[in-house]
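Below, the features straight out of TrEMBL:
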ACT_SITE  E1278  active site, proton acceptor
BINDING   C57, C62, C65, C87  [2Fe-2S] cluster 1 binding site
BINDING   C127, C130, C162, C164  [2Fe-2S] cluster 2 binding site
BINDING   V272, V273, A274, G275, N276, S277, E278, V279, F352, D375, K437  FAD binding site
BINDING   Q784, F815, R929, A1096  Mo-molybdopterin binding site
BINDING   R897, F931  substrate binding site
DOMAIN    18-105  domain '2Fe-2S ferredoxin-type'
DOMAIN    244-429  domain 'FAD-binding PCMH-type'
Amino acid sequence: MLQLSIQRTVAKMGDAVDTLLFFCNGKKVVDHHVDPAMTLLTYLRNKLRLTGSKLGCGEGGCGACTIMVSKYSPKDKTISHLAVNACLTPICSVHGMAVTTVEGIGSTTTRLHPVQERLAKAHGSQCGFCTPGIVMSMYTLLRNRPQPTMEEIESAFEGNLCRCTGYRPILQGYKTFTKEGCCGGNNAACCRNVPSNVDGQEEGVSTKMFDPSEFAPYDPSQESIFPPELMITLKETTPRMQKFASDRVTWFRPVTLRQLLELKANNPQAKVVAGNSEVGVEVKFKNQCYPVLVDITYIPELTSVEKTPSGVRIGASVSLTSVGDYMKEIIQEEPEHKTRVFAAIVEMLRWFAGHQIRNVACIGGNIATGSPISDLNPLLMAAVCTVELVSSSGKRTVNMDGNFFTGYRKNVIKTDEIILAINVPFTSENEYYYGYKQSPRREDDIAIVNAGMRVVLKPGTNEVQDCTIAYGGMAPTTVLATKTMKNIMGRPWSDGLVEVMTPLLLEDLPLTPGAPGGMEPYRQSLTLSFFFKFYLAVLEQIHLKQPGLRGSTMPPSFSSANVPYHKNSARGVQMYQEVPSGQPDSDAVGRPLTHQSAFKQVTGEAVYVDDMPHNEIELYLGLVLSKKAHANILSVDTTEALAIDGVHSYVSADDVPGSNMSGTSQEYDDLLFAEKEVNSIGQVIGVVVADNQAIAQRAAKLVRVEYEELPTVITIQDAIEENSFFPDGYRLRKGNVKEAFDSSDHIIEGELKIGAQEHFYLETITTLVIPGEGGEVEVISASQAPSRIQTMVARALGVAKHRVVSRVKRLGGGFGGKITKSSVYAAICAVAANKVKRPIRLMLDRNEDMMTSGTRHPYLARYKVGVTSYGQLRALEIDMYSNAGSTYDFSVNVLERTMFHMDNCYKCPNVSVNGILCRTNLASNTGFRGFGSPQAMLVAETIMSDIALKCGLTQIKVRDINFYQEGDLTHYGQELKYWNLERCWDECLTKGDYDNRRREVDQYNSKNRWRKRGLAVTPTKFGISFNQNYRNQAGALVHIYNDGSVLVSHGGTEMGQGLHTKMIQVASRTLRIPQEKIHVSETSTSSVPNTSNTAASFSSDLNGMAVKEACETLLHRLEPFIQDNPKGTWESWVDAAYKDRISLSSTGLGKARDVHFNWETCEGEPYAYFVYGVAVSEVEIDCLTGDHQVLRTDIVMDVGDSLNPAIDVGQIEGGFVQGYGLFVLEDYRVSPSGQLLTTGPGFYKIPSFGDIPAEFNVSLLTRAPNPFAICSSKAVGEPPLFLAASIFFAIKDAVQSAREDAGIPRAFRLDSPATAERIRMACQDQFTKQVPPLPESGTFKPFFVRP
């Protein structure tokens, strides 16, 4: 009977394929041959040529692809607007819907939508690659909540990431949409004009970065309506099953349960999809292939939610957003005691991915997927939920108990069954229920360990009647703590219960050394901590109900252990020196002008490399990467790959017409293509050339490589044991260290490890190579180094540089990571283009980029310091081991800067620093914002912290004692001039109200055992210059056209740091014209040759001097015409000069003052000048989990006379938040065999909107002109990053308090990053002591290592 029914269904459908119909930005889209394997993002970008939505990760973790999908329900006559990730949304899933992209809400040619305008004018866009997604998240929120609260705004961005801005200006700009919206400093009582604890504001200082009175008002009635034609179609059409098919994938959208069951019976292996959040990742990154996909989001039985007498019945395909919204309604309707499970689920969903995922992911999918770290499964299991299953054979109900999950991602659901619904029960009055989760980052992150806990007490007593305790992250499945549950029965919930239960929990939840996931002691400690929190929470409830019950009280200092997470809306004050009263309005220097590209970025009009139109003969590359860290290549078989339709060629080292060698200018020790040996996982062996990305990548996976594995070296410790070092080492000496140690009162020794950091620019490395005539080639790339690309491509092709033009329009972030590797990939593309004689495009997937591009250098520091009894430095001896990776790259230059910054801000008369480069089998590490300095300064500050504890000094006093003074010589012999650090220090302590807050923190800590606060102040001294003197130059080319408009070309690239904007400001001042008359188009080696890399924070200085010189030359040529017609206009003077045949084009050359250093004498002046800054940060930590929250940060930064305060503050905030990632959040891990484990935003966590300080104040030091740079300004890109170490040391301060409570007052080691794991395990207590330690290193194989 069943088979007959299936046959009828199939026969009825035949081979008919439906036509895709949806609306995009109000326009109807009809596709008769849609490919179901295609994502909405690919469709938008490649078929509709709407490139505003960006591909940032391909896994729904960064939000760059966010768009709005609108659905009309004929049944309810309602329209819903959802923010979704276009990179995961299957194109067929939007059939019958309306899609809105950033291009559809406003443009620079018509009008900006208020969402776009306010973000741009509030300086919330830097590189701009993430901006369209942020705009669309906010736009969708406004469509649902025309006047949202700040809490709703911050929540809307949980699925969006930005690597540039530090988030504060985005939130501040969008706060203007709220009822309490900030006026931007226009009102005397404005929050921004009353900085905390500052009684009076310095004259000539402003806090006004933008003027909200200029914003267009937001009128919800003017928004686009749902397409009437589509609404009528949906009303008049009876729902029917849809089918879309290509040669590889068939997509079904059944509309009845019967249709679904028949499809499932006919195709047992068909993949059921709702949000595609799991399947999309599996197909993209795990090489899964699902020929049949079934969309279950249109089946009434699966999409309904209803209240029942016993609880709530939730259809399997109900989205997590809908689940949360419905449960919130029930919580409001029902008594508190009935909805305790719902409250826990709502709280857990708050931290479950971002809105874009929650809007489409469904509760049934969460259960069926069976992830061992699922956030919901432990809650559902602990709540004793039931699951209704249905198949063509009938229905059955199963309990979510210890038997539900049968293995890793396996369960009791049969292949022909689907989940129909989940029943979540009410709780009784004497039933208590809580959920717990700890993850590396609070927002949008997967759990390390999570738990659901339920206890039923005998009425009127504290005796346990029933208990369910479920954990995730402790086994291949969600598990019950069965022994604990059994032994807790009948016991009183009172003193002594925890001590009895914790050993049983450890028995229930064992982790063997090397268990998947690693962090074994930490994870086991979390199981105990969660239970302890549960115990305290229930104890508190018992005490409230039955205050006289014996054993139901707890110490007051324990009460904060369960305080729910709460964060005040982000706020802050930005203070800067106003321009002098007499400065002409036409002079743009010193004004907080909007970023030149901001309006194009917020509308999606800003063009990045992959946004450029595809040439009809263009081909794409698929990378064949090494799967071994160190091996000989025995053979490469491309037969299968070349047999695929659409594949044109395979390119390898044999096809390089010039040199296959690559590398830095000092050492060409890298290869474009591996030849006989591979030295890291991810090394390029070859590339497949195909018609498009999908074919190229599919074919590349079919290339078979045979290896002969060789011994590997991964970590610094490995390199030390194996004596695996590069021959280049550095030694820096000053004074007599031995004598100084002998005369020191105290000698302190220690070690510190600083981990790697991934650049995580939102736009991955991207290149377009177009071959031309006679060996010419044009390279369009996302690179910080156009001339390096020109050099590498010319070398690879065996041609002179004049045949290669390298162009850069803009970058979606760089941070030092788009110099060497972008050049390598450009050369690889050029070799491929040379072979096939066609244009070649390549945009790395996020996992490819992270696997191959290198990171910030990890370091191991071993230090010995001698001090006097009153804490003054006498001697310092440090060995700095740097993990360079498999080739040199920039490691030598990075190590030099590390050694020069070992002092940070402190004078030591006797110094010995050794720098050692470790050769390992990892992708070569490279430049990254700070270039080795942050690692060195962290060691310096750790040493100062140790000295304070040893000598019994405050952290302030020990630094005051050891600060340099004006005119002092550094340990490398450079005199310190214009020493502004102490001004920054004093101002920051005052504005940050340090003394009062120190007392408040100490008082808080004395009253709280399980939550602690910490406060720290951190200074920085950052040298500005390239290491090589010849690099400290830049060129410019300025044209004045005869209509008076000015085009400026210079050697720097725009990557969000506002370089082009600042160059326009310099030209504005020099030419004495408004900035609106000046434009910067792109960076090209055909306009400005021999450019230095846009790096070292020196680009504004060097290029600014070049632009100034060129403009001065032009102004000198115009002077006679100005004198002849003093009342004329700029246009009239230019026209007169043109007609007099005067050249209106000029070049300029900017040169910094000479720098030098002699490594034999260890003396010199390697820097043009120094930038200073100070930060005070306050944090709060959870001692039981390692979780933390940054409460406040105050920064005072010396940037000279700021060229653009808005841009400079943006760089300070962005650099600080990136540094916060380095020192606290970003935990880079690889397997012992060298495989990167933290790939993509799913596993590698950069700071998100919710991580920034709740109060974030930045002040630019006033009246501190810099005589060594353009317009008396200073560099700003890199120096602020290290100030985030103030958070690291505030955490350390908080941990110190916890350790003192535990009777461990001495100094302790805290490596960077200070992850939740490290924080928790440093807060030693009775729980950590019960957890068995890991065996000695080398006796087992760890799951991961930190390189």
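FYI, residue positions are counted from 1 along the chain as it appears here.
Yeah, the Cβs are placed from backbone N, Cα and C, and that goes for glycine too.
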Give the number of CB atoms, excluding that of A274 (FAD binding site) itself, located within 10 Å of its CB.
26
Of all the binding-site residues here, R897, R929, which one's CB has the most other CB atoms within 10 A?
R929
Per DSSP, what is the residue tally for the domain '2Fe-2S ferredoxin-type' (18-105) in helix, strand and coil?
15 helix, 31 strand, 42 coil
Indicate the candidate from E278, E1278 with the smallest number of other Cβ atoms within 10 Å of its Cβ, considering only these recorded positions.
E278
Inside 10 Å of the Cβ of N276 (FAD binding site), count up the other Cβ atoms and send me the figure.
25
I need the nearest neighbour of V272 (FAD binding site) among the binding-site residues C62, C127, Q784, using C-alpha distances.
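Closest by Cα distance to V272 (FAD binding site) among the binding-site residues C62, C127, Q784: C62.
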Can you check how the pLDDT averages out over the domain 'FAD-binding PCMH-type' (244-429)?
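Taking every residue of the domain 'FAD-binding PCMH-type' (244-429) together, the mean pLDDT is 94.
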Show, in sequence order, which residues other than Q784, F815, R929, A1096 on the same chain lie with their Cβ within 8 Å of the centre of the Cβ atoms of the Mo-molybdopterin site.
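The surrounding set, listed in chain order, is G814, G816, G817, I819, G927, F928, F931, T1094, A1095, S1097, G1277, E1278.
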Specify the nearest of the binding-site residues C57, C65, E278, K437 to E1278 (active site, proton acceptor), where nearness means the distance between Cα atoms.
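When the Cα distances are compared, C57 comes out closest.
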In terms of Cα spacing, which of the binding-site residues C130, C164, F352, F815, F931, A1096 are within 10 angstroms of C65 ([2Fe-2S] cluster 1 binding site)?
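Candidates kept after distance check: C130.
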Determine, to the nearest whole angstrom, how far the Cα atom of C130 ([2Fe-2S] cluster 2 binding site) is from the Cα atom of C62 ([2Fe-2S] cluster 1 binding site).
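The Cα atom of C130 ([2Fe-2S] cluster 2 binding site) is 8 Å away from the Cα atom of C62 ([2Fe-2S] cluster 1 binding site).
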Return the member of C164, K437, Q784, F931 nearest to C87 ([2Fe-2S] cluster 1 binding site) in space, with distance defined Cα to Cα and candidates limited to these binding-site residues.
C164
Reported as an integer number of Å, what is the Cα distance between C164 ([2Fe-2S] cluster 2 binding site) and Q784 (Mo-molybdopterin binding site)?
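Checking the Cα atoms of C164 ([2Fe-2S] cluster 2 binding site) and Q784 (Mo-molybdopterin binding site) gives a distance of 15 Å.
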Work through the binding-site residues one by one (C62, C162, N276, E278, F352) and name whichever has its CA nearest to the CA of R929 (Mo-molybdopterin binding site).
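Among C62, C162, N276, E278, F352, C162.
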Take the mean position of the Cβ atoms of C57, C62, C65, C87, the recorded [2Fe-2S] cluster 1 site. Which other residues of that chain put their Cβ within 8 Å of it?
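Once C57, C62, C65, C87 are set aside, the remaining close residues are L41, K54, L55, G56, G58, E59, G60, G61, G63, A64, N85, A86, L88, G133, R846, P1241.
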Compare the Cα of F352 (FAD binding site) against each of the binding-site residues C57, C62, C162, F815 and report the nearest.
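Out of the listed candidates, the nearest Cα belongs to C62.
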Please report the number of other Cβ atoms within 10 Å of the Cβ of C130 ([2Fe-2S] cluster 2 binding site).
29
Report the largest Cα to Cα distance, in Å and rounded to a whole number, among the residues V272, V273, A274, G275, N276, S277, E278, V279, F352, D375, K437 that the record lists as binding FAD.
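Overall maximum Cα spacing for these binding residues reaches 28 Å.
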